[in-house]
Ligand code: GLV
Ligand code: MG
């Protein structure tokens with residue numbers, strides 16, 4: 001580990017100063033697209049208007065013989081488009097692959113000024129982040145970049161989960177971590193075959209009634225990802241970075257997707273991946289606080305004044321801890337409202353009603 005005194009020093013002469021704070025920019029959905037797909041490329045300008053983050057995917061889901069086309073496609077798309085307030089991210093190939101070195105060299109050199117965040121898959125420990133950190137600093141210095149690129153790790157190996165706290169704190173560039181349930185299930189040798197979501201076999205059952213072990217016993221499906229998401233959220237918060245749920249592979253099942261996203265939201269995640277346009281609206285709905293919750297949060301904040309002491313609102317006791325929770329909701333709402341006039345209006349209308 002670097003000493004605290006050196007932690008924020010650039011890792012190469014001429015590289016930009018690493019960030020001291022990670023900006024909490026709206027990132028409700030990280031929308032994946034395949035830059036090797038020509039048809040997809042034509043949709044990018046429209047997609048950019050609908051999402052918070054657009055991610056050019058170079059890793060899994062891009063066939064080996066399309067890797068170079070995907071990299072070149074992303075360079076072209078980034079150069080040809082103005083993304084406005086939408087962030088542009090990429091997912092590079094894994095660090096043990098034959099493509100990753102060229103991914104980093106090409107992307108930082110050609111479009112380092114357009115990219116915001118580099119997502120690194122299959123991170124196993126802090127050493128992986130240190131490798132990327134130094135290489136990025138060297139490439140940034142050579143390209144003359146003035147703004148440091150940020151790094152996002154996918155939590156998708158058993159080793160990564162065991163080391164998640166050190167990964168989250170491995171570099172000032174760390175922007176966030178996403179759960180990668182598909183690779184994580186494979187790495188853990190879990191007996192599932194899905195990309196995220198639950199499994200009907202993972203359940204608890206009420207006690208038997210009398211001698212019949214089958215009759216009258218209700219079962220409840222459990223969340224396979226609860227432990228990992230909760231641990232990831234703690235590791236991220238501890239280090240001032242942002243946690244995300246990853247992919248939900250059953251595109252047709254918009255209902256379970258919404259449930260999975262909402263569990264992640266309630267546990268502290270700020271966004272999820274969208275793999276299909278149908279999932280963009282789900283993420284938008286789930287990761288934007290509801291207007292009534294925002295109105296309530298604003299009402300509690302107003303009533304609590306300097307935040308100390310306690311007040312009763314509608315029969316519910318509010319104190320320091322509840323006003324802090326309300327501030328989380330209200331600050332997120334303000335950031336989203338800046339980007340989304342419809343949401344801003346809904347929040348203001350609900351607040352007016354709550355305060356009247
Ligand atoms: C994502 O990359 C996953 O493996 O779930
Ligand atoms: Mg994966």
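Even glycines carry a Cβ here, placed using N, Cα and C.
Now, the feature entries from TrEMBL:
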- 91, 156: substrate binding site (BINDING)
- 156, 183: Mg(2+) binding site (BINDING)
- 29-194: domain 'HpcH/HpaI aldolase/citrate lyase' (DOMAIN)
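Everything TrEMBL records as a feature, shown here on the structure.
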residue	record	DSSP (3 states)
91	substrate binding site	strand
156	substrate binding site	coil
183	Mg(2+) binding site	helix
For residue 91 (substrate binding site), which residues of its chain lie six or more apart in sequence with Cβ-Cβ distance below 8 Å? 32, 55, 56, 57, 58, 59, 119, 120, 121, 154
To the nearest Å, how far is the Cα of residue 156 (substrate binding site) from the Cα of residue 183 (Mg(2+) binding site)? 5
Which binding-site residues from the set 91, 156, 183 have a C-beta atom lying less than 6 Å away from ligand 2? 156, 183
Please work out the mean pLDDT for the residues of the domain 'HpcH/HpaI aldolase/citrate lyase' (29-194). 96
Binding-site residues (156, 183), the one with most neighbouring Cβ atoms at 10 Å: 156
